[in-house]
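Listed features, source TrEMBL:
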DOMAIN    91-169  domain 'PA'
SIGNAL    1-26  signal peptide
TRANSMEM  198-218  transmembrane segment
TRANSMEM  255-273  transmembrane segment
TRANSMEM  279-305  transmembrane segment
TRANSMEM  317-341  transmembrane segment
TRANSMEM  347-367  transmembrane segment
TRANSMEM  374-397  transmembrane segment
TRANSMEM  433-452  transmembrane segment
TRANSMEM  464-486  transmembrane segment
TRANSMEM  492-511  transmembrane segment
């Protein structure tokens with residue numbers, strides 16, 4: 001049974017990694033968060049991301065993204081309404097006292113200094129500036145608010161914070177006599193995000209495909225060679241192959257322990273995550289992606305070309321190996337390595353999604369929920385886990401632990417356990433993302449419902465698979481609605497997905513009088529594929 005335990009270990013390890021990617025990542029273009037920030041007359045604006053287009057001696061430079069202040073004038077929404085204005089450095093540079101440089105009809109550029117943001121804005125405005133860019137002391141966009149002493153603010157110019165690197169570049173150009181023009185505007189985002197629609201379809205399609213894979217895609221003869229680079233020794237090889245394909249069944253106790261371990265691991269990542277740690281996750285993702293892509297390609301090709309599953313070659317130490325694997329394994333390896341090398345390129349999301357989908361389909365073949373009793377334990381614990389680490393953890397750790405880890409705040413690298421699609425039609429760009437955990441964990445329940453329907457010989461409409469698939473689709477839709485209504489603030493997707501899947505099957509089971517059968521399914525049956533003669 002050594003092979004049996006070897007198969008269980010990677011399945012459990014990948015489920016753990018998927019849970020870490022369970023929370024919906026925060027929107028890069030989120031604009032407002034009122035918590036803890038005082039409002040007063042003249043200081044009640046919404047925070048807005050601002051595009052800062054710039055030209056150096058007439059040549060357009062890289063557009064910078066800034067953040068507007070709680071006070072001051074709003075910038076135009078339409079680029080055609082925004083005026084191009086020359087920029088000048090304030091003197092003194094912190095703009096905490098009257099400027100000796102001419103600011104009239106210029107946009108002033110000042111460093112974050114010792115005085116309040118409102119004081120800088122008033123000084124720049126009094127000197128005739130038509131706007132103020134404040135350079136932060138790091139790359140983050142700090143929210144400029146009013147102090148408790150600012151009871152009435154009369155700032156009528158736009159005030160925008162820009163990152164340190166962009167600000168230093170502008171300062172260097174101005175110091176060397178360059179003529180710098182800037183244009184400030186904040187375009188609206190589209191109400192309907194088509195990229196999110198594509199991601200919604202991808203997530204649902206992955207679960208449906210994984211649920212139906214064994215019956216409609218996987219070839220039984222090849223399926224027994226689950227790890228194709230396995231030895232074939234003598235007449236007992238069939239038994240060995242069945243053990244290789246043995247399914248990892250999650251237990252109720254294991255589900256609770258699993259969530260506790262995941263929480264500890266999440267905290268370790270939050271405090272100690274660095275670039276080398278993310279690289280370790282990237283390597284694990286590549287290994288899992290290679291295995292998943294290999295299994296999926298072998299299954300598809302042998303289903304299409306029947307003869308491919310019959311041809312084998314002999315290798316030293318490995319024994320008899322499927323000839324198709326000799327070609328596919330190197331291809332998958334090269335594919336994963338190229339993705340890792342070019343993972344920051346604009347097209348890298350395609351490779352990441354292909355590897356991720358193949359990996360999730362394979363994991364859903366390896367890991368099974370035995371019944372609704374275990375499903376309730378796992379998904380309820382995952383529900384609490386997701387909500388706590390996204391919504392409640394900021395009260396303890398001063399920021400959302402789940403979102404910080406998903407973004408890779410302490411390492412500069414994002415973890416790869418995400419499906420993502422660029423926002424092609426969004427002026428702010430960025431990506432729509434969903435964590436693997438938000439697909440895998442509800443997917444385990446949807447896949448169970450299909451197996452239950454098949455064993456119970458239920459029809460398409462009086463079974464559970466169709467309705468749980470619809471429930472998952474509705475839950476994911478509600479997640480994106482919440483993301484939109486919360487101005488892109490990170491959402492725990494399982495908050496919506498668990499009630500729409502687990503809650504739905506419990507209600508349907510109760511109404512149909514089948515809840516007992518669902519709850520105890522398989523408990524009085526022998527364990528699947530264990531020590532068959």
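From the backbone N, Cα and C atoms, a Cβ is placed for every residue, glycine too.
Note that this is a predicted model, so its numbers are computed, not measured.
Between the transmembrane segment (279-305) and the transmembrane segment (255-273) there are fewer than 3 Cβ pairs closer than 8 Å, counting only pairs 6 or more residues apart in sequence, which means the two stretches are not in contact. At the 8 Å Cβ threshold, with sequence separation of at least 6, the transmembrane segment (492-511) comes into contact with the transmembrane segment (433-452) through 3 or more pairs.
Between the transmembrane segment (347-367) and the stretches 198-218, 255-273, 317-341, 374-397, 433-452, Cβ pairs under 8 Å are most numerous for 198-218. When each of the listed stretches 255-273, 317-341, 433-452 is scored by C-beta pairs under 8 angstroms to the transmembrane segment (198-218), 433-452 comes out highest.
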